[in-house]
Amino acid sequence: MPHTDYLFTSESVTEGHPDKMADQISDAVLDAVLAQDKKGRVACETLLKTGYVMIAGEITTTARIEYPKLAREVVKRIGYVSGDMGFDGNTCGVLVAVDQQSPDIGQGVDVGGAGDQGMMFGYACDETNELMPAPIQYAHAVTRQLAKARRGGLDFLRPDGKSQVTVEYRGGKVARIDTVVVSTQHSESVSNRKLHAALREEVIAKALPKKLVDRKTKVFINPTGRFVIGGPMGDTGVTGRKIIVDTYGGMGRHGGGAFSGKDPSKVDRSAAYMGRYIAKNVVAAGLARRCEVQVAYAIGVAEPVSVMVETFGTAAVPEERIAQAVREVFGLTPKQIIEGLDLLRPVYEKTAAYGHFGRTEKEFSWERTDKKDALRDAAGGKVRAVAGA
């Protein structure tokens, strides 16, 4: 029998974490290409270390991109604007090594085939209003609030930071928050006492549901003691190293492919978005309390080689009917995914921090639940939709 009483932990990082800086620069490049050339092909990687940014990849486009200017603008938006922080977007060096996409790949993609082989997963559950796992959703809430507090007056905070939230489950359902960890870069001058008090009052208390935090909830703030050296000065940042933060916090499987810096012809990204769209609509329709979808592709081939639906014993109708309904309602070729989710818009930099899923902004088309009625009808299920979904 599956465990029903357990602890589950997920982490999030702020936009100023060096790996997330790399993701945002890569996606800013993608947005700049799509804004000028919707047929552009982008596979952009970024690396950051003390004082410099390196942008590399394969980009085929008619767009004119000022890579150094673009990278520095992203760094400054994040908040690294002074050498005192260990990184300065005004003065950092930018090295560019960009080539065109291989024509061997292009010949398959241009006729609507997948840009690579691989398997992608989507997941949804009824633990939160956003139909996301509670641990990752609450971890993101903490890091978003940390950034908001930094911009809202806590000037001793710096852009780099992380959170970790452990949720206690009883009977398979969220019962309480057991542990919260917050680590944030800060100025040399701020005292630990002032920092801890501010983070408890302005970050943790405002980010997490009060009904889930009790006197037994453990809170750790900068457990190593101090966190003055951070950002790219403290750690090298590389695109695609926070794929679990980007998705479901470890709850639900991951195919291994990163998202940022990839145009929608790369099914690593677009099919993972479609997987989330499908799973969320299954849960929103009331067909299951938990749903995971796997799709897999061969490079240059349009139709997926496999589609699987897993509901972990929570289905309200036979799982085979849900799987058949998914095939009837959703188009799963790269072309159908791109058109159905309107993925050729320059919206990707926003996805590159605080998760690609569970977001409420209108740009996140894969978060819509507009297929729930069609799914319910196709599955033949007389079930009640999730409230508010």
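Cβ coordinates come from backbone N, Cα and C, glycine included.
Annotation comment: Swiss-Prot describes His17, Asp160, Gly161, Lys162, Arg226, Phe227, Asp235, Arg241, Lys242, Ala258, Lys262 as ATP binding site, evidence class sequence analysis. Around the Cβ of Gly161 (ATP binding site), the same chain contributes Val13, Thr14, Gly16, His17, Thr143, Leu146, Ala147, Val182, Ser183, Thr184, Gln185, Gly230, each under 8 angstroms and 6 or more positions distant in sequence.
Sequence-distant neighbours of Asp19 (Mg(2+) binding site) (same chain, six or more apart, CB under 8 Å from its CB) are Val13, Asp235, Gly237, Val238, Thr239, Arg241, Lys242, listed in sequence order. Annotated Mg(2+) binding site per Swiss-Prot: Asp19, in sequence order.
Annotation comment: Swiss-Prot describes Glu45 as K(+) binding site, evidence class sequence analysis. Shown in sequence order, Ala22, Ser26, Ile55, Ala56, Gly57, Val238, Thr239, Gly240, Gly261 are the residues of the chain, 6+ apart in sequence, with a C-beta less than 8 angstroms from the C-beta of Glu45 (K(+) binding site). Annotation note: Glu45 (K(+) binding site) sits in a strand segment as assigned by DSSP.
Under the three-state DSSP scheme, Asp235 (ATP binding site) falls in the coil class. For Glu58, Gln101, Asp235, Lys266, the entry in Swiss-Prot reads L-methionine binding site.
What Swiss-Prot records for 101-111 is region 'Flexible loop'.
The separation of Lys262 (ATP binding site) from Glu58 (L-methionine binding site), Cα to Cα, is 10 Å.
The record assigns Glu58, Gln101, Asp235, Lys266 to the L-methionine site; their largest pairwise CA distance measures 30 Å.
Among His17, Asp160, Gly161, Lys162, Arg226, Phe227, Asp235, Arg241, Lys242, Ala258, Lys262, the residues given in the record as binding ATP, the maximal Cα to Cα distance rounds to 36 Å. The distance from the Cα of Arg226 (ATP binding site) to the Cα of Lys266 (L-methionine binding site) comes to 41 Å.
If you measure from the Cα atom of Lys262 (ATP binding site) to that of Gln101 (L-methionine binding site), you get 12 Å.
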